[in-house]
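**Student:** First the structure, then my questions, so here it is.
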Amino acid sequence: MQTYLLSQQFNARSLAENSTACPVNATICSGTSCVLPEDNFNETLSIVLSTVLTIMLALVMFSMGCNVDIKKFLGHIKRPWGIFVGFLCQFGIMPLTAFLLSLAFNVLPVQAVVVLIMGCCPGGTASNVIAYWVDGDMDLSISMTTCSTLLAMGMMPLCLFVYTKMWTDSDAIVLPYDSIGISLVALVIPVSFGIYVNHRWPSKAKVILKVGSIVGAILIVLIAVVGGILYKGSWIISPKLWIIGTIFPAAGYSLGFFLARVAGLPWHRCRTVSLETGMQNTQLCSTIVQLSFTPEQLELMFTFPLIYSIFQLLFALLILGGYRLYRRHRVKTKTDVEKTEEKEDSKSTSSHAKINGGFVSNETK
């Protein structure tokens, strides 16, 4: 009896090893290559984390609003030169760069489309957090994110119609206007509350801002890590998309900064426009891709938004680190110069007082 059971187990194991049939629950099958749907644990984890991250993001945007001066914010709306420059970067530079990169690397049509979708997406909320850490113009940053999300309702269909003609019919791409609307509401409402708190209780707003900026930095890293864990099965992707995912955000940061400087914006606004240009709403891109393409097509393109997200974060951290080093060196040098000038002023004042028998105040000692 025991021998019979062992024989049955051995036969079952041999059949399992030699069988080329895909599991019943596989969504894509090609010989022995199968793509399985996410298990219940991953699905539950995704829902829980999405809820937690959404709440945290709302709180972070509330804290960012605590750094916005309502008069300056309305000033950007009334005199929207900075917003206009950001608009040219967001819906001019980024789609064109996506188009040129797709042509240069000669990727598959479906892969070119996902690169273009990423280029046509509005700015992401992570740019507001990084803009704070690089001493950018928060009023401009939030107004740019808000306006680009609002204008995406019309500009995304237009840009996709212009640039995707040679690869696919633009009508085949489903734009989730509800998701864009939700992103807009999730941005505007918390920021509005933050602006109100800053207007009524400025001292409390500063404390909220400090806490929120730290939480925001942690949240950005957390989102990247969670995305890598949830979609670890999709990392086998064309090397060309990896290269594009590396070059694209770097080009966005660089070209955004260059155009802002050419437009005559001051340095802190150039940094702001640069971040708003390079940091895209990758969650929106993922949603569009999932709604528009078949599982077979998704296998070739689904991971690109995550790759872009990782490299846009990596380059943003490099920009932040470089700026912090520059500021530390500049402030240190400036302080040394000021101390030298103060000593010289003190000596000249003392000598002048001795010569004239005058009084030397405590401020000059």
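Every residue gets a Cβ built from N, Cα and C, even glycine.
For 45-63, 83-105, 112-134, 140-163, 175-196, 208-229, 241-260, 306-326, the entry in TrEMBL reads transmembrane segment. The region 'Disordered' annotation in TrEMBL covers 336-365. Residues or ranges marked as compositional bias 'Basic and acidic residues' in TrEMBL: 336-347.
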**Student:** Taking residues 6+ outside the transmembrane segment (241-260), which of them lie with a CB under 8 Å of any CB in it?
**Tutor:** 85-86, 88-89, 93-94, 97-98, 101-102, 105, 107, 111, 115, 118-119, 269-280, 301, 303-304, 307-308, 310-312, 315-316, 319
**Student:** Report, as numbers and ranges, every residue of the chain located at least six residues beyond the transmembrane segment (83-105) whose Cβ falls under 8 Å of a Cβ in that stretch; write 'none' if there are none.
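**Tutor:** The answer is 76-77, 111-112, 115-116, 118-120, 122-123, 140, 143-144, 147-148, 151, 155, 159, 162-163, 167, 240, 243-244, 247-248, 251-252, 255-256, 259-260, 263, 265, 273, 276-277, 280.
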**Student:** Of the stretches 112-134, 175-196, 306-326, which racks up the most C-beta pairs under 8 Å with the transmembrane segment (140-163)?
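**Tutor:** Result: 112-134.
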